[in-house]
Ligand code: LLP
């Protein structure tokens, strides 16, 4: 037995996760299959907790909103960042308390704002227009909604442009220079209690510099907002900490983030004589490396490249196609065998871009082998689709050899369950 990465081990040439043999899981539950290690979720959450002992940690449900995963985090004391009524519903169902949830989003429906109001969930307001809508909804419901404003801090982290959210030109947030006036306006509006400030600069960020810049900008704003007489109860600096997808890649840990953010936050709040709660919203760091996607080889073809055709495609893991993301690949039933060739792992989807891993050195790959895509926990299942008429796969949770199914495989009926052919076409 030896460890290949964090919680992943190899025994008898097989990949083991959470004490379970992945080849047996593939046999028992079929493929494709997402497999998540519960203990690793707890380890990752604990690393954040240790680094930020006084902060509230709101798990970003979009990274992976499966109920069992939300439940594990609820039991660890996590709150949630939610971006839709669906995520809010699931977070509450999993036992995350309503007062530890922030309802985010740049384009919420009136229905969503109504639900947040009814359920007593705080809202991160993304525009003046939304502020006025929320005020009307709150008045009609006879309630007061606690809000933060999502600030666009104009910070440009070095990450994929599609996941950089804090740029001046991005669709998220209120420009920093307008924020103070926005608070002034909010404090006069009925049904609205401004009590926090929020930003999020992007995702898969590989150094701490942009977080320093964002925290400093946010604390400048906190000071200016305070001068208007508003008492800020929380400062939410979002998330974005990257994880190492490539072997040997070095990424900052929560501790590194804390060592640059906390001195700024503590010094500035002490100087102002205030004690707002710091909130962080990690998604990828908590769940990314906890999960592997197992997929079976349908066919091997020697053409312009050595193509390995597997049964999962970008319908189940869209990150490589969408962001050119790298996911490390192993042959789960030959996990300790030496590489014998260079292979490109492709899915079954009818698109040239359906490539999961390009030019990888792997042992001799044959039909029936099980390929494991590592670090597939964040934005994997949660971004899946039924494209090309493919029901979504199952998810299992493992812990010390105990295996539980947490989402059943969809079947062909699920493809048609909500569809109707109008009578006039019959
Ligand atoms: N808070 C807010 C307001 C967010 O928009 C996000 C992610 C997070 C927190 C969590 O960020 P994280 O800790 O996971 O970096 N689908 C892309 C990532 C999109 C991120 C969207 N927002 C991917 O697969 O890389």
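Cβ atoms are placed via backbone N, Cα and C, with glycine included.
All annotation found in TrEMBL is predicted automatically rather than curated by experts.
Binding of substrate is attributed by TrEMBL to 284, 319, 323, 351, and within the candidate set 245, 379 the record adds 379 to that site.
Among 240, 248, 341, 347, only 240 appears in TrEMBL as part of the pyridoxal 5'-phosphate site alongside 281, 282, 283, 284, 379. Take the CB of residue 281 (pyridoxal 5'-phosphate binding site) and look out to 10 A: across all protein chains shown you find 24 other CB atoms. The binding-site residues recorded for this entry are 319, 323, 351, and the Cα of 319 lies nearest to that of residue 379 (pyridoxal 5'-phosphate binding site).
For residue 351 (substrate binding site), the nearest neighbour among the recorded positions 62, 240, 281, 282, 283, judged by Cα separation, is 62. Among the recorded positions 62, 319, 350, the ones whose Cα sits within 10 Å of the Cα of residue 283 (pyridoxal 5'-phosphate binding site) are 62. In this view, residue 240 (pyridoxal 5'-phosphate binding site) is surrounded by 29 other Cβ atoms within 10 Å of its Cβ, with every protein chain counted.
Taking Cβ-Cβ distances under 8 Å and a sequence gap of 6 or more within the same chain, the neighbours of residue 282 (pyridoxal 5'-phosphate binding site) are 48, 57, 59, 60, 239, 241, 254.
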